[in-house]
Amino acid sequence: MLHLIYISIIVVLIIILISYTHKPKYFRITAPRSVTLFHGIHPLNPKNYKTFSEEFETILNNAIEDGDFKGQLTEPCSYALRGGKYIRPIILMEIVRACQLQHSFGAPIYPAEAALAVEYFHVASLIIDDMPSFDNDVKRRNKDTVWARFGVAKAQMSALALTMQGFQNICRQIDWIKEHCPRFPDPNQLGALLCTFVSHSLNSAGSGQLVDTPEKTIPFFKIAFIMGWVLGTGTIEDIGVIERAAHCFGNAFQLADDIKDHDTDTGGNYAKIHGKRKTFDVVAQSLQECKKILQGKKIYTSIWNEIFQKVINVALGT
């Protein structure tokens, strides 16, 4: 099934890249939405985590209502997406917001489509992770896993649908920018770059999933950080620095989870190997390095204190 997903990603990616490189700057490659995902939401207003989470839930509900998922896959995809913490889309939206306080493109960017994409990719990976051929989990987020509720076949196809829809969301984000942000530099080129980067990150996540390493966690944070940076600044300048911040945060997130699962994990749990105390020290060091990078790029805002504390709370079991 993973091979089918990867082949489908490659085919879609080729089509997207051809579209971006052979069409005029203002050519749409996606159909317009029938609803406004972000009605009543202003992207430049400062927000706390709770407000961001509620706003993203509104965006998600609107996207599902607008038909992001079709037919028999609507219910399992919607089911899988409910009840998350939405930390990845919140990170993406906040980075875009912070960047726009320094960069103007003629109109504020609403990164709703990109935020949906990163959550879709992440949830697709969770569905696969829970499958009988991987972790064989029957519970997640205090409810049945997708395969346990809907069956293996629908779970597999739901993961594929989420992944494919995520790429369409990225394309829709670029189309929206082309229509609403006249000073955004070369959106077609950045759209092709983002799709290529995301494809590479998903491949890394898939490889990490097979051997159960932090590389199944970190790539999704790289997608959130880097898409946020590129959409917020309109450039790939310093993208390596932002990727480093994402790596530090993703590493802290995974190790905090290892501490939480110390007593139940049977695989290569870092905290089991090195001890909880040392692992917690690495979590704190990684978060501190991430903070330093974000401060250096002037995108460390008050909500990061909440985000970092959530990671610490996982490690502390609170």
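All positions are counted from 1 along the displayed chain.
Positions of Cβ are set from backbone N, Cα and C atoms, glycine also.
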Query - Same isopentenyl diphosphate site per Swiss-Prot - residue from His122, His180 joining Lys85, Arg88, Arg141 - result: His122
Requested in this report: Give me the largest Cα to Cα distance among Arg140, Lys216, Thr217, Gln254, the residues the record lists as binding dimethylallyl diphosphate, in Å as a whole number.
Outcome: 17
Query raised in the report: From the Cα of Thr217 (dimethylallyl diphosphate binding site) across to the Cα of His122 (isopentenyl diphosphate binding site), what is the distance in angstrom?
Result: 9
Report task. Give the number of CB atoms, excluding that of Arg88 (isopentenyl diphosphate binding site) itself, located within 10 Å of its CB. Result -> 26
Report task. Note down the number of other Cβ atoms within 10 Å of the Cβ of His122 (isopentenyl diphosphate binding site), including every protein chain shown. Result -> 24
